[in-house]
Amino acid sequence: MNRIFSGVQPTGNLHLGNYLGAVRNWVTLQNDYECVFCIVDMHAITLWQDPAALKAHTREVAAAMLAAGVDAKKHILFNQSQNPDHAQLAWIFNCVARIGWLNRMTQFKDKAGKNRENASVGLYAYPNLMSADILVYKATHVPVGEDQKQHLELARDTAQKFNSDYGVEFFPLPEPLILGSATRVMSLRDGAKKMSKSDESDYSRINMTDDADTISLKLKKAKTDPLPLPDSVEGLEGRPEAANLLDIWAALSDGTRAAAIERFAGRQFSEFKKELTDLAVAVLGPINSEMKRYLADPAAIDAVLKSGAERARALSAPILAEAENLVGFLRP
Ligand code: AQP
């Protein structure tokens, strides 16, 4: 069976973008793939995280994934730092990947901002750790958003160079899986920016922990424009906030943008937002209650992550051992 590796950073609460663009699809993929789901805490610290918050967010993300339907018994769910094989292989990849490759990564440029000299070395080398996350399990497929496509290309280049440097077809070249209608959910405050955990404004996103009243308030305050909703796809041109809200409707209802436009053509945002709120609450409400149930028992979440890490290491250890042998590391 093909194997999937998927990662999510515990840099905050999961939001609607993470759910519609990633977690919901992962739940579906469980039927057809062997899945390794990883809460990538080592990636999270490439930007400073408050230590207590990092631990809390790791549990929250685990709870959100379990509540959304991740099956941690049949598949694997763990936090990255509990399996040291990722870091071990990442070092080998630091020596395989070329500086020129990393220099081309646009996410580093975005995240490091203007003060690049002051960015952490980890933020720069992050794509090599991501390559190791995937290849330490010889994963064949990786569900990725648009923003991670370049990193996956780098993982493929690294696998290929490793194979050629050591003269064996050892690592598979992982394939991207781009799924779902809402691959990019935008901020509720600015239709040109993606919905993000690290956005300063909590009103920019719907968190998976938000209750019905909060969802309603956030959608009420969501930025719109003065026109009624359009009656054609062309009518959305230059209206990113309207497009985003219609796309959210489409994704939550398992429909298309065209169907959403047809349904709400000519209606006022106030009416549309009421229906959107009802739909969002209907979809997220049950997940929210499940999450609360999981979070009430942190020890049970820790046990899931520990068992997941042990099973993850059982998969990665022989692959890492063989990679080290190929590189020439002596293991008397
Ligand atoms: N707005 C989004 N729309 C659709 N998919 C999204 N994802 C993230 N934001 C959106 C997808 O969620 C998965 C996990 O993402 P991540 O937590 O590893 O990192 P991220 O993409 O950097 O997410 P955030 O929320 O923007 O976090 P911060 O603010 O910490 O950078 C990925 O599959 C991602 O595509």
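For all residues, glycine too, the Cβ spot is worked out from N, Cα and C.
Curation does not apply to TrEMBL; its annotations are automatic.
Noted in TrEMBL for the protein shown:
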BINDING   Q9, P10, T11, G17, N18, G145, E146, D147, V185, K194, M195, S196, K197, S198  ATP binding site
MOTIF     10-18  motif ''HIGH' region'
BINDING   D133  L-tryptophan binding site
MOTIF     194-198  motif ''KMSKS' region'
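Projection of TrEMBL feature records onto the structure.
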{"residue": "Q9", "record": "ATP binding site", "Cβ within 10 Å": "23"}
{"residue": "T11", "record": "ATP binding site", "Cβ within 10 Å": "20"}
{"residue": "N18", "record": "ATP binding site", "Cβ within 10 Å": "26"}
{"residue": "D133", "record": "L-tryptophan binding site", "Cβ within 10 Å": "27"}
{"residue": "E146", "record": "ATP binding site", "Cβ within 10 Å": "11"}
{"residue": "V185", "record": "ATP binding site", "Cβ within 10 Å": "23"}
{"residue": "M195", "record": "ATP binding site", "Cβ within 10 Å": "23"}
{"residue": "K197", "record": "ATP binding site", "Cβ within 10 Å": "20"}
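Outside the motif ''KMSKS' region' (194-198) by six or more residues, the chain places 9, 11-18, 47, 147, 184-188, 204-205 with a CB less than 8 A from a CB of the stretch. With a cut-off of 6 Å between Cβ and the nearest atom of ligand 1, the binding-site residues D133, E146, V185, M195 reduce to V185, M195.
Each residue contributes its Cα atom, and for N18 (ATP binding site) and D133 (L-tryptophan binding site) these two points are 19 Å apart. Secondary structure at D133 (L-tryptophan binding site), as computed by DSSP, is helix.
Rounded to a whole number, the distance between the Cα atoms of D133 (L-tryptophan binding site) and K197 (ATP binding site) is 22 Å. Secondary structure of the motif ''KMSKS' region' (194-198) per DSSP, as helix, strand and coil residue counts: 0 helix, 1 strand, 4 coil. Secondary structure by DSSP for the motif ''HIGH' region' (10-18): 3 helix, 1 strand, 5 coil.
Taken together, the residues in the motif ''HIGH' region' (10-18) have a mean pLDDT of 93 on the 0 to 100 scale. Residues Q9, P10, T11, G17, N18, G145, E146, D147, V185, K194, M195, S196, K197, S198, recorded as binding ATP, reach a greatest CA to CA spacing of 20 Å.
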